[in-house]
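Down below is the structure, laid out as structure tokens.
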Amino acid sequence: MDLAALRTQQQQLAASVERADRLDRDPPALIGGADVGFEQEGEITRAAMVLLTWPELELVEYQVARVATSMPYIPGFLSFRETPALLAAWEQLSQKPDLLFVDGHGISHPRRLGVASHFGLMIDVPTIGVAKKRLCGKIGDLGDEPGALAPLMDKNEQLAWVWRSKVRCNPLFISTGHRVGMDSALMWVERCMRGYRLPEPTRWADAVASRRPSFVRWQANHS
């Protein structure tokens with residue numbers, strides 16, 4: 001595993017990330033959500049992808065792809081491990097979303113190329129990173145109340161918004177993936193909340209991936 005070459009590739013790709021809004025359809029008709037996990041002790045990478053209508057946020061399609069894991073877990077290089085399964089799930093979708101939420105980081109990454117940015121570049125679709133844990137950078141003062149907001153900074157560069165979406169919950173790290181500005185990323189996440197910690201696109205992707213009761217009920221109603 002030539003990490004130096006991968007690091008160089010990350011830096012080159014990161015330079016191509018568009019940090020301003022460029023949605024082909026605004027407002028979007030379909031918003032996607034993507035979530036990646038691992039099965040069989042990491043040997044299989046599983047990606048779940050969902051499509052929701054906007055503004056209703058109703059689930060209209062889901063796909064799950066499983067591929068053999070192509071590289072080990074190496075912090076900072078997770079996107080190389082996750083994108084093959086994401087691409088497989090993406091290609092299975094009968095329609096493509098106008099905006100995609102990815103469970104993971106966008107530019108809030110040591111080399112500014114988290115999975116949301118990497119995958120957004122691969123498919124050239126507007127993406128937003130919605131991560132649950134900090135990867136790098138420093139958080140400003142963040143209140144305990146729901147809606148509390150602080151920037152995630154690295155020196156003078158803002159990497160994400162840190163946003164407490166729900167009371168007594170850890171905050172989310174919301175960042176530009178590709179073709180979505182930082183403030184727009186936050187705005188779209190806020191618009192896609194329905195009372196849970198996660199926005200609906202990644203909440204549904206997680207529900208599909210983990211076969212949570214909400215998804216099992218949805219399947220029963222749509223069979």
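From the backbone N, Cα and C atoms, a Cβ is placed for every residue, glycine too.
In sequence order, ALA47, ALA48, ASP103, THR202, ALA205, ASP206, VAL208, ALA209 are the residues near ASP35 (Mg(2+) binding site), counting only same-chain partners six or more apart with C-beta under 8 A. Among the features that Swiss-Prot reports, Mg(2+) binding site is placed at ASP35, ASP103, with the record citing sequence analysis.
Look at Swiss-Prot and you will find TYR73 tagged as site 'Interaction with target DNA', backed by sequence analysis. Counting Cβ atoms from all protein chains shown, TYR73 (site 'Interaction with target DNA') has 10 others lying within 10 Å of its own Cβ.
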